[in-house]
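Per Swiss-Prot, the features are:
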type    : residues                       : note
BINDING : 65, 66, 67, 78, 82, 83, 84, 92 : substrate binding site
């Protein structure tokens, strides 16, 4: 199991936790002094109260929680949000309210999930042309949307 250093920046902060034994993502909770209301079609930056030291070659991805998206139309506009291995600041979550009603975030609310993933650095090799494939340049629904 990968060990990641974490600092609680606020004594009231909840550290990330897996909700089930086989969950891919850890729940991230809001660490705020007063409730924050996110009006429809607006965003809010929500602090978590902790900072990470990810090992080189890893990133943390912040993703929406499916229940918030389904029930309240709350998501992350930049999903997945990336936390780089060399970032040492507080983890904060940008939430957006796609719904029609204001949404209240309170201290301790689980607002996102975090997945730690290995990343590979790449070096590009510029060439005159790319190898061919059956797919070619087809994209953006070129295979259709109905049953096959």
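Each residue, glycine too, has its Cβ placed from N, Cα and C.
Packing around residue 84 (substrate binding site) is summarised by its Cβ count: 11 other Cβ atoms lie within 10 angstroms of its Cβ, all protein chains included. With a 10 A radius on its CB, residue 92 (substrate binding site) counts 17 other CB atoms from all the protein chains. Residues 65, 66, 67, 78, 82, 83, 84, 92 are the ones the record ties to substrate, and the longest Cα gap between any two of them is 26 Å.
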